[in-house]
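Quick look at what Swiss-Prot lists:
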REGION    25-103  region 'Disordered'
REPEAT    356-393  repeat 'HEAT 1'
REPEAT    397-434  repeat 'HEAT 2'
REPEAT    436-473  repeat 'HEAT 3'
REPEAT    477-514  repeat 'HEAT 4'
REPEAT    527-563  repeat 'HEAT 5'
REPEAT    594-631  repeat 'HEAT 6'
REPEAT    633-674  repeat 'HEAT 7'
Amino acid sequence: MAGGVWGRSRAREAPVGALTLTALTEGIRARQGQPQGPPSAGPQPKSWEVKPEAEPQTQALTAPSEAEPGRGATVPEAGSEPCSLNSALEPAPEGPHQVPQSSWEEGVLADLALYTAACLEEAGFAGTQATVLTLSSALEARGERLEDQVHALVRGLLAQVPSLAEGRPWRAALRVLSALALEHARDVVCALLPRSLPADRVAAELWRSLSRNQRVNGQVLVQLLWALKGASGPEPQALAATRALGEMLAVSGCVGATRGFYPHLLLALVTQLHKLARSPCSPDMPKIWVLSHRGPPHSHASCAVEALKALLTGDGGRMVVTCMEQAGGWRRLVGAHTHLEGVLLLASAMVAHADHHLRGLFADLLPRLRSADDPQRLTAMAFFTGLLQSRPTARLLREEVILERLLTWQGDPEPTVRWLGLLGLGHLALNRRKVRHVSTLLPALLGALGEGDARLVGAALGALRRLLLRPRAPVRLLSAELGPRLPPLLDDTRDSIRASAVGLLGTLVRRGRGGLRLGLRGPLRKLVLQSLVPLLLRLHDPSRDAAESSEWTLARCDHAFCWGLLEELVTVAHYDSPEALSHLCCRLVQRYPGHVPNFLSQTQGYLRSPQDPLRRAAAVLIGFLVHHASPGCVNQDLLDSLFQDLGRLQSDPKPAVAAAAHVSAQQVAMLARARGCPRGPRLLRIAPRPARPPPVFADSPFQRRSVAGRWGCSGPRRA
C-alpha cells in the first residue's frame, strides 16, 4: 500500500502526536477484552489531547482483526531458513495486479509501528521498549506473536519508507527498526538482506541507521558475519551481507562494536574476496577494478575491499590501508591469480602497523588451516605465513610445531601450498633463535631450487638469502651446496629468477669475504670464479633488475678479492667502455691464468644467446680475453672452436653483433699464429715477439641510459 495510513494522515496534515501510546494501548486491550490501564513498561508519557480525526486511524489499525479474522493466517511466518534469498529474488507471477492481503497487513503493522515510535520520540531507550510493547499488544489482539511477524514489519517499513518525509516520520521509521533489532536482530537482518542485492538506497540507509545505534549495531554485525560465512546459505546471501557490512562499517564509530570478533570478521571478508576472485565475473563486475573509482562500489569485490578498508581505518589502521595502496595490495586482493600475494601484503602491513590484532588473528587462523574449503584454507595459509614475520606472534606456537607444519606443506601436490611453505621458512629463518633448525631448513630450500614454478624458486632464493643474513650463517656449507645449483640459475630464462640468483651470490660473497681475503681456496672461491663470466655478461642483461644485481654482486667480489677494479666495473656497466673492459680482462688474465680457458669456454656459449646485447657482449669479451692471454694458456682445439663460432656469428642479422664477431675472430687468428711460431733455442730468443694490435670495437647500440651518477662516477676513462 502506497504510504499506508501514515501517508493518508500526512496528506490531511494531522500532527504526528495525534495518537498517544496510552490511547493506542487502551484501544488494543479494549478490543481484546482486557481491563484498561497504563502500560506496564516504560515511563508514562505526557498525555496529549487526542484529536477527533485520529480516531478513524486508530480503528483502521485494528480493522483487519475484526472485519476479516480469517485473513490473519495469510501473514507469512518466519521459516526454517529466514536468511534465504532464493524466494526474495524470484520474479513475481504474472496476472492481474492485486494488492495481496499479506502486503496490506504488513502496511497496517508498519503504520502502527511508525505512529508509536513517533509518539515516543522523546522517550529515548524507554520509548524503544514501549514501542516493542505496543507492537506486541497489537499482535496479541490478533492471536499472534511479535517474533513471528518481524519479517512482515520490516517489509512493511521498506514499502513505506520511500514515501516518508525527512524529519520526524523518518526518525520514527528508524526507531521502529532499532526496536525490532534490539530483540530480533537475526530476523531483521534476514528481512533486510534481500533488499541489499542488488543495492537499494532505502536498505542502505536502514543499514546505516542500525550502524549508528550503539545498542544494536554489535548484534547486527554478528548476524551479518554469520550470513557472510554462509556455510549453509546460498551465494547471494554472502554477497548481500558483504554489501551490508560495507554500509555499516563506513559509519564512523561502528568498528568499535566489532570488539571480540574483529579478527573473525577480517578473515571472513578476505576469504570472501578469494571466493569472488575465483568465481566467474558477474555482469556488474568490471574486468579491471580501478582504485580511483569514486561513489558506490561497482562490483561485489570492490564492495568487499571498501568494507575491509573501513574495518581497518575505523580501528586505527590507516597506515595499513596506505601501505596496501602504495604496494598495489588492494588490486592484488581482487585478482584471481594474485589474491594470495595481496593477503601476504596485508599480513605484512598489519605486522608493521596493527600488531594489536595479531594474536587474535593467529588464534583464528589455526583451525582454518585444515579447512576443506579451498579459499578459506589457502587464505588462512597465506595469513599464517605472513604473520610469521612477527616474532611475538610466532612464539605463540612452539618452533618445532611451526617448522613441522611448514615442512609438511612441502609435500603437498599443490604448488601454491609449497610456495607458501617456502615463504614461511624464509620468515622463520629471520628469527635469530632458529640456529638449531638450519639442518632441517636447508634440504627443503635447496630442493626447491629445482622446481619448475617460478614462485617456488624465487621463494627458495629469498629464504636462502635471509638465512645468510643471520648471525653465524653457515657460509661454507651453503657455498658447497650452491656450487652445482646456483650457476644454472644465473642464466635462467625468467628475469626475476636471474636477478634473485645473482643477488644471492652477492650476499654469499659479502658474508664470506673474510675467508676470501685470506686466500682460502674453498668452495666459495670456486663458485665465484665459475660465475665470473655470467656476471660480466649480465651487466648487459635486457632486464634492468638482473643488470643492477650483477653490478652489485661484482662490486662485492671486487671488495672481497681485492681486485681494485671497482671503477672499471662501474664504467663497463653504465657506459659499455671498451677501454675499461680491456683493463678488467688484463687484470683477470694476470690473476687467474689457469682459468682463462674456462673463461673463454663459458663466454663461447653466450654466442648463441637469443638476446642481441648478450651475443655482442660475448664476442667483445672473447676479443679482449684472447688479446691479453699468452699463447701457452689456450690450446689449439679451443682456438679452432672459437674461430668457427665467431665466423658463423659474422653473418648475424644485427650489424653490431657481426662487426664485433669479425674483430674478435681476428684476435683469435693472431693468437693461433703466435702459438704456432717455432720457439727455437732460448739463447737465440733475444728479440721479443711483436705485440698483437688491440681490438677496436665500435660503440654498442644496445647501451642503456646510464645511472652512474649515484655511484659518483663521472664517465669512462679514456686511454
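Cβ from N, Cα, C; glycine included.
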- prompt: Residue counts in helix (H, G, I), strand (E, B) and coil for the repeat 'HEAT 1' (356-393), per DSSP?
  reply: 30 helix, 0 strand, 8 coil
- request: Could you break down the residues of the repeat 'HEAT 4' (477-514) into DSSP helix, strand and coil, giving a count for each?
  value: 30 helix, 0 strand, 8 coil
- request: State the non-local partners of the repeat 'HEAT 6' (594-631) in its own chain: residues 6+ outside its ends, Cβ under 8 Å from one of its Cβ atoms.
  value: 529-530, 532-534, 536-537, 539-542, 578, 581-582, 585-586, 588, 638, 641-642, 645-646, 649, 652, 654, 656-657, 660-661, 663-664, 667-668, 671, 674-675, 677, 692, 694-695, 697, 700, 702
Query: So which of 436-473, 477-514, 633-674 has the most C-beta pairs under 8 Å when paired with the repeat 'HEAT 5' (527-563)?
result: 477-514
Field: Contact set, same chain, for the repeat 'HEAT 2' (397-434): CB under 8 Å, 6 or more residues outside the stretch
entry: 340, 344, 369, 378, 381-382, 384-386, 388-389, 391, 440-441, 444-445, 447-448, 451, 453, 455-456, 459-460, 462-463, 466-467, 469-471
Message: I'd like the per-state residue tally for the repeat 'HEAT 3' (436-473) from DSSP, helix first, then strand, then coil.
response: 28 helix, 0 strand, 10 coil
